Amino acid sequence: MPDLNDATRGRILYGGDYNPEQWPEETWQEDVRLMRQAGVTSVTVGVFSWARLEPAPGAYDFGWLDRLLDLLHAHGIGVVLATPTASPPPWLGHRHPETLPQAENGTTVWYGSRNQFCASSPTYRRHAAAITEQLAARYGAHPALTMWHVNNEYGTHCWCDATAAHFRRWLQDRHGTLEELNSAWGTAFWSQHYAEWDEILPPRQAQYIRNPAQLLDFARFTSDALLECYTAEHAIVARHSPAVPVTTNHMPFWRGQDGWAWAKEQDVVALDIYPDPDAALGAQHGALVQDLARSMAGGPWMLMEQATGAVNWRPVNRPKPAGLNRLWSLQAVARGADAICFFQWRQSRQGAEKFHSAMLPHSGTGNRTFREVTTLGADLDRLGPHVSGTPVTAGTALLHDWDAWWASEQPGRPSELLDYQENVTAWHRALWEANHTTDLAHPAADLTRYRLVVIPSLYLLTDAALDNLAAYVRTGGTLVTGYFTGVADHQDRIRPGGVDARLREVLGLAAVHQWWPLNEGETLRCTGTEDFRGTLWAEELETAGAEVVARYADGELAGHPAVTRHTHGEGTAWYLSTRPEPDALRALLTRAAREAGLRPAAEHLPAGVEAVRRGELLFLLNHGPQQASCELPGHWEDLLTGKPATGSLTLERHGAAVLRPAAP
Ligand code: GLA
């Protein structure tokens, strides 16, 4: 199977989405000249071009794309060619309203924006396959083609009748019989028993809380239905160009697609990232989603889209301050990206995104944005031969599973303040601040290469995952488990005893008797060998062999264990029944990492300096508000400047160094 290396060929791809159909052809000449000037090596073309390519059903217009690809090729710019199926033309919705998605309450989602397709609609699929076939046949052997990009940010949901029929087929595959389905969904509750398949619907708008197992299966189904659309187009383009890698771009930490399942079907994992430049922890959000992309890919990945400055979809859209675009791009390289691209090359004059930043802004080339884009192009050109294809090695895995996410965020639960993504972010932050490079992993994945495995909270754990975790600890691993974990099985049935018995044995706990969610802003003092304040959640635990690291000192649970630690087989298992405040969580995870024999990527760095190792290189990234002075052990060369770096290294605000070991 082709992979990202087939497109990068030892470089870092640099460029962005290019939408030349928004401009007269004279502009294209200027575009390619400026692309060369900026060091652009790759552009993504055609993402939203369906109406231009097929202005009427079956009537194709490829002349402009022929000229464009030839022009780009003549200037040495590679093309990531997109299938345009994310934005069907108005004629499709007009002639075939059944291709338009329906919301939970039955209203139609019309054309006039983008993404208005129902993944289960046979008519949509037929038309999407036809335009894909045309493109693939025409350009599959074009010398400019380096990669296929299928659709764009798959994320639609639909509750229409075609979806209902498709959902039933999916349920038949999963559950086999109606009896099994009724059992899996617990339909004895509230008189929900299904007597015929045709009675089953997607979970449409209803009077009160809907069946959680039905909601869970619908989330799984929707991810699978979209994935079928992806794999159908992937198969078409791969048939015409078997040596060209195929990808689609994921939204960062996106709830709607099971990333582990999707990554298996993609030759290249591609990610769009838009951290808020104004957010104190924007850099950590970037690191988290980059770690997820690398983990999904199992190696180098592609940063398909980011913004050079402001986006246009936040309530207030602020530009990136000087240097931040370069810093965050280098962060992605540090964390495994072999392609750094933007949305988009030339800023649009019209349409919904005319205020979204681009590589080439409305004001042209005489501005900081374009200068920074050009500098970054030169940086990446220099770094390419040293990093492209090299791995990032993490000693820690943070376990993440879309099934658990879907199951844990349904109505009718103990606390609506539990936010899966926010909790993952908090735990990742603790490791990120301590410069422990962390992969994300599925709970049933092979964990043996990690010294430390952490679970922020996985409400749902399958039998396979629980057996995997038990074996991991038994054979010497260190596991740190957060609250509300191992509670439900694969169908969202509560495990006997409330928390799975295998997990309790690993943790040295007899029982979790009660969950005690905390109110907004409420904290509980915890004391012991670690003193801290717990937030969000607490539990009434009964230990069975675990050492108590900290007890609740306040409130109804005063005197009860809050944090425990247990030796199981050759390993150690911690349990955190509350979420310590950020500094304390970092201290706890740092202690567990140290006891597990892990060292951070670099030590004694000023706060705000991120350190990541990629291959033999050490990336230092200054996210702090001012200059930072770093003491370096040994001798290095900074690949960005070509200068030796020994002893003390000063990083400007938003400054970065990419250090290679050097002879003294
Ligand atoms: C996403 C889309 C792009 C564009 C950007 C704007 O990443 O894929 O087409 O809309 O958002 O931030």
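The backbone N, Cα and C atoms fix where each Cβ goes, glycine too.
Annotated features in TrEMBL:
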ACT_SITE  GLU153  active site, proton donor
ACT_SITE  GLU305  active site, nucleophile
BINDING   ARG114, ASN152, TRP313  substrate binding site
BINDING   CYS118, CYS158, CYS160  Zn(2+) binding site
DOMAIN    17-382  domain 'Glycoside hydrolase family 42 N-terminal'
DOMAIN    394-598  domain 'Beta-galactosidase trimerisation'
DOMAIN    608-660  domain 'Beta-galactosidase C-terminal'
Additional residues around substrate, ordered along the sequence, whose Cβ is within 8 Å of the centroid of ARG114, ASN152, TRP313: ALA86, ASN115, GLU153
Listed in sequence order, residues with CB under 8 A of GLU153 (active site, proton donor) and six or more positions away: ALA86, ASN115, ASN249, HIS250, MET251, TRP254, ASP272
Neighbours of CYS118, CYS158, CYS160 excl. site residues, C-beta within 8 Å of centre, Zn(2+): LEU100, PRO101, GLN102, ALA119, SER120, SER121, TRP159, ALA162, THR163
Summary of DSSP states over the domain 'Beta-galactosidase C-terminal' (608-660), given as helix, strand and coil counts: 0 helix, 37 strand, 16 coil
Other CB atoms, at most 10 A from the CB of the residue listed as 'active site, nucleophile': 23
Cβ atoms near CYS158 (Zn(2+) binding site) (within 10 Å, other residues, all chains): 27
Closest of ARG114, ASN152, TRP313 to CYS160 (Zn(2+) binding site), Cα positions, binding-site residues only: ARG114
By Cα-Cα distance, the member of recorded positions ASN152, GLU305, TRP313 nearest CYS118 (Zn(2+) binding site): ASN152
Filtered binding-site residues, from ARG114, CYS118, CYS158, CYS160, whose Cβ is under 6 Å from an atom of ligand 1: none
TRP313 (substrate binding site) CB neighbourhood, other CB atoms within 10 A: 11
Between CYS158 (Zn(2+) binding site) and TRP313 (substrate binding site): CA-CA distance (Å): 23
Residues that sit under 8 angstroms from ARG114 (substrate binding site) by C-beta distance, when 6+ apart in the chain: PHE48, ALA86, SER87
